[in-house]
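Per TrEMBL, the features are as follows:
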{"type": "ACT_SITE", "residues": "Cys395", "note": "active site, phosphocysteine intermediate"}
{"type": "BINDING", "residues": "Asn280, Gly281, Ala282, Lys283, Asn305, Ile306, Cys395, Ser396, Asp397, Gly398, Trp399, Asp400, Arg401", "note": "substrate binding site"}
{"type": "DOMAIN", "residues": "150-605", "note": "domain 'Myotubularin phosphatase'"}
Amino acid sequence: MDDFLLEDEEVIAQGHGVILLNNREAGTLSVTNFRLLFVSQAKKCVIDLGTIPLTTIEKLNDDVKLQPLPHLSDKSRPRELLQVIGKDMRIIVFAFVPKTKQKNEVFDALRRYTKPANLWDLYAFSCDPSTIKNDSEPKWRLLREYFRLFRKSLPQSRGAGEVSLSNDWWRLTRVNSSYSLCSTYPSELIVPRSISDEDLFQASTFRSGKRLPVISWCDPGSGAVLARSSQPMVGLMMNFRNNADEKLVCALSSRTTDDKGSPRKLYIIDARPRANALANGAKGGGSESSSNYARSEVLFLGIQNIHTMRDSLSRLRDYVDAHGSISSNGSPSAVSVVGDRRNRGSTWGGGNLNSMTSFSSTLGEWLNHIQNILVGASWIAAQIAEEAASVLVHCSDGWDRTTQLVALACLLLDPYYRTFSGFQALVEKDWLAFGHPFAERMGVPTVTEIGGSQYELLRQPSLGNLSSSPSRNVLGASGPSSHASVQSQTSNNSSPILLQWLDCISQLLRLYPSAFQFSSKFLVDFMDSVLSCRFGNFLCNSEREREQSGATSSCRCMWSYLADLRASGGIFHEHYNPFYDPVKHNGALLPPAAALAPTLWPQFYLRWTCPIESQGGDLESQWHAMNKKYAETMKAKDIAEWRAKDIKMKMESVKQDLQRERRASSTALATAQSAQRENAAIKKAIESIGCTIKFSTSENQEDRTEVLSCSLRRGTDARGQDENGDFSVSISAIEDGLVSEAPGDHFCESLCPFRTREGCRWPDAPCAQLGSQFVGLKANFDAFDRLSIQDCYFGPE
């Protein structure tokens, strides 16, 4: 397992021979201090579907019974099943080997490690703090964003106390540097210049959680601002007022920049339904009255609360799992669509054809929430961009629906937020600095005011039955078990608020495919990183709590992780939007209401149950698939070109060798021809004296000589020569390399009878040496002396 573990990841419990029922894959299931890890037995690799971080697990069910299904060949075998429901839209079921303790060991480890006792038990704190490399602190990055909004350059000095920021309308205040003004707000705030710090303290007492109105985004060109706060504490009769709060809200609506200095319109947006706002009056809350705030108008957007959003997503997840091509019961819907022939194909996913109506209502419910957020944010952006009006947004506490609307409106107004660096700045400003309660919404522990830990999971009873869901009728009723039938990691305050915001961005990506630098895949990986709690950026509920826990300095940074992912793939990485055109969309995006009809976000909601279909209609996915093929083709082309170049170089080398061999052969052939001509001349000369010539070659490799044996038998002629006087001569031909520079020296020393100790007497002595540049000749001089050569042997000159 060491090959599959991350840094500082340790195996706690393990099960072998486990089957992932969704895709019938067998493998090893391990519980680590970070995730539930499933490794395929056949492929020897991590199966993504069966691998899920512990903090991403929402519920556990250890007593699941499958009803007999006709397509299961092993339906008669007893099974011990474990159901895992994730916050990322997956429902997976593992089947363990029966009559073993593996299931109990895995389940006990999951119960213990998915519900850590305190914040520091999370995997994010397991790394060595000395290895953490953060480019800058979140506070400094927030200050840099404030300077960008004011269109000013940030000083190089990191001393926050020495940096001042202001203009004619607004100023930066550090009245909350010790979080005494509001514990869930950032340490630096942008407020109207006309409002003093004392006014801020008085105004904070009138707002829920002391989350007073402050500026989130401002337009230095028009003077319009986008502000946020929590609900006013107007009381049951909605008659309580606060002069400092009214002064602060009215200061948000500064005068316009035209010559007349006409007053600016102020819109107060309450994200809740009107009835919910009135109901909060029982707790002292409520909404503003436009009569108390000059030039203002109050509007309600009707966005539901966190509990409604959580239940809606749960119903959507159940339906998608029951009717996907990969289902947690091991029965793909493609089989159930055909249906049982005995019932004439009337079944669909274990139900009837009316399940399509159920799907429409389930999907419509979720998409209706998405549309409400989209419409509200688009309306806010339009008033600021077209009317130059200021807008104040709030809900009950000002950290859920308020954050969704403000962050989405900023994304529509400012093209900088549609880049990677801008998206990071936007998230750190409106989601992190302004205190979205990530710990509560994800069900993980955090720090309390006294430095301890708070965690509601252990106090929440496990209610309900997963198999009782109408869309989960393939699961039988739960039976008795030694453990609780359903284990919930989340508290009653968990809700997919961040997921809804990312869903809205995916809808804008569909409408404006060239307006965003990042892709839908980036949004998916971003959400997965947040849910995993692998990094310290999104732990706790506020900037103050992250400072108290040391999450920023002790944990790795998610932004660096995502940046490294992009760097690994270059400009063709799937996080980049290939259609991004910053010139085309360099201003505000103001989609018309008719275009804000959302569709299901397939890359996130369908990736586990319909993996092929989730990428089918996405232009980005198709482009990246084509680009991948293109990259593979270019790589193959480069390899082929390299091989061709290598072969060409080898051919050139061989060609040069052949040319050298040809030149050597030509030289040798010319030498041989020259030697042949000389030998022929010598042969002719010797034959002319009546000698019989016979050539023989020595077989000795060291003595590479060619011996020419000549014999002369004196014939009878009229000149009366002696018939018994035979004559023989021996001539040896040797290679050029064996002939010295003065070939005659060797023969003179051994054969010449006229050579004396003083040396050669040539040309004074009648030397009989014969030589040439091709062959060396040695002769029997005694035979030459006895030989009588007649003049008649030679013709006239």
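In case you wondered, yes, glycine gets a Cβ from its N, Cα and C as well.
For the domain 'Myotubularin phosphatase' (150-605), the mean pLDDT of the prediction comes to 83. Taking the Cβ of Arg401 (substrate binding site) as centre and 10 Å as the limit, one finds 28 other Cβ atoms among all the protein chains shown. Sorting the recorded positions Ala282, Cys395 by the number of other Cβ atoms within 10 Å puts Cys395 first. Shown are the binding-site residues Asn280, Asn305; of these, the residue with the fewest other Cβ atoms within 10 Å is Asn305. Residues listed for substrate, Asn280, Gly281, Ala282, Lys283, Asn305, Ile306, Cys395, Ser396, Asp397, Gly398, Trp399, Asp400, Arg401, cover a largest CA to CA span of 21 Å. Considering other CB atoms within 10 Å as the measure, the emptiest surroundings among the binding-site residues Asp397, Trp399 are those of Asp397. Cα of Arg401 (substrate binding site) to Cα of Cys395 (active site, phosphocysteine intermediate): a span of 6 Å. Residue pair the residue listed as 'active site, phosphocysteine intermediate' / Ala282 (substrate binding site) shows a Cα separation of 16 Å.
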